[in-house]
Amino acid sequence: MLGPCMLLLLLLLGLRLQLSLGIIPVEEENPDFWNREAAEALGAAKKLQPAQTAAKNLIIFLGDGMGVSTVTAARILKGQKKDKLGPEIPLAMDRFPYVALSKTYNVDKHVPDSGATATAYLCGVKGNFQTIGLSAAARFNQCNTTRGNEVISVMNRAKKAGKSVGVVTTTRVQHASPAGTYAHTVNRNWYSDADVPASARQEGCQDIATQLISNMDIDVILGGGRKYMFRMGTPDPEYPDDYSQGGTRLDGKNLVQEWLAKRQGARYVWNRTELMQASLDPSVTHLMGLFEPGDMKYEIHRDSTLDPSLMEMTEAALRLLSRNPRGFFLFVEGGRIDHGHHESRAYRALTETIMFDDAIERAGQLTSEEDTLSLVTADHSHVFSFGGYPLRGSSIFGLAPGKARDRKAYTVLLYGNGPGYVLKDGARPDVTESESGSPEYRQQSAVPLDEETHAGEDVAVFARGPQAHLVHGVQEQTFIAHVMAFAACLEPYTACDLAPPAGTTDAAHPGRSVVPALLPLLAGTLLLLETATAP
């Protein structure tokens, strides 16, 4: 006869089994469901035709630290927020028809940082760890290795071709990833001149904020990073009583004012209301919006009355940039995905990924894939894992069904290293469902570190639009920059010989040579002249 404890255990197991079976749609038990779904996907794939024209516009969406495990977990979370089981609901990026893998290593490191990876996917050249916009001949923190080793970004090439260009990020605009569009520095942490050693300043090395306004003419700059633009002691408009949030510059410069003075029609804003007004004003030709002293707030902490979302910043940028008949280049970064992972707080990383995906979806609604090449990728991954055989439909932040060898619960999401390593009385603490579901919860880590690290595996590249079919297979991260340059007939691919996108004239898109088209007319004219002058 079974005892009361065994009966209770069987009851709980039966309830768990009933719940797990009850949430699975009945139609999924029928093979026809899966055969029909696969046949529909196959039919769509057979109809897929490469867009062989040139791209008028280029958009690269960069999910900082958004490895494949992050994409999968975010897909489930986004689906569950819509009251679905999770994995069956595609993300906006999932709908891009072409996918490849990108090798993210730096020249000197198996596991990369965001500075050297930015050099790879934006400039088409690999560099050394923690350097930006420089070839591998430059050495980290050695100012005298800068000059002569600069490499040029696709954004810079787009500007030279007459396109408008913009940078949108949830980090500070001087951070490693956005800086890859415009800066050349041997140290990614030289945000303002206060961060640059005196010896490097004497050698002529400029801080990243100075390069932001002087290296090239950027039409739209949106993100955080106010304090690096103003002289030390300048109060911040949002936090006037907090000295630590004020200006940091030692040279006494007001870089925002310098930027405004050089550009007719330029506008500077620091809050959401001003951004919305400026983006709708046809007299505004250049827009700089800096919404926090440093990085922007996580989406879960964002004050929607003061701080715009990534989607709103992307929409504002597209409004301004799309006015140029020659097209545009736009860099959009979900930068705080990375920061959430570094903190071992998966809730923050995944909600940032969802916001990033929302921006991708909105941009797709505001542009056409006939003339806009859109790429989505990550600079690197994280030591972020997703396992433990959780039941489908269970919370992505929940507990695995079984216990660990120490007879304690463990979460579905874990980190290989980081600040989540905790011992309580010499042992791993137990964790409850309510704890693991908190936005502030740190997932447990195997190795104790103050900050969780990047990972070295390949990351995904999603592509849609003209020349997107070139994104295939397993490629070096540098390939991304070259695909963008070729698709838009930018240097070094100005002789791309691609037809202009629909609705675009050759004058607005000079990449295709007009000489071949004129040859028959020229030959006919010469023949008529020869006939007329014949005796």
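Even glycines carry a Cβ here, placed using N, Cα and C.
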Feature GPI-anchor amidated aspartate, as given in Swiss-Prot - residue among ASP108, ASP251, ASP506: ASP506
Given Swiss-Prot lists ASP64, ASP379, HIS380 for Zn(2+) 1, the same-site residue among SER102, SER114, SER434: SER114
Cysteine of CYS205, CYS496 paired with CYS489 via disulfide, per Swiss-Prot: CYS496
Candidate from GLU238, GLU343, GLU352 that Swiss-Prot assigns to the same Ca(2+) site as PHE291, GLU292, ASP307: GLU238
According to Swiss-Prot, the disulfide-paired cysteine of CYS143 among CYS123, CYS205: CYS205
Same-site residue for Zn(2+) 2 (record: Swiss-Prot; known: ASP338, HIS342; options: HIS286, HIS454, HIS469): HIS454
Greatest C-beta neighbour count within 10 angstroms, which of the recorded positions SER114, ASN144, ASN271: SER114
Close in space, distant in sequence - CYS205 (disulfide bond), Cβ under 8 Å, 6 or more apart: CYS143, THR146, THR185, VAL186, TRP190, VAL196
Positions on the same chain near the region 'Disordered' (425-449), where near means CB under 8 A and six or more residues out: 300, 343-348, 351, 395, 397-399, 404, 406, 408-411, 413-419
Winner by Cβ contact number (other Cβ atoms within 10 Å) across the disulfide-bonded residues CYS143, CYS496: CYS143
Residue among recorded positions ASP64, SER114, ASN271 with Cα closest to the Cα of ASP307 (Ca(2+) binding site): ASN271
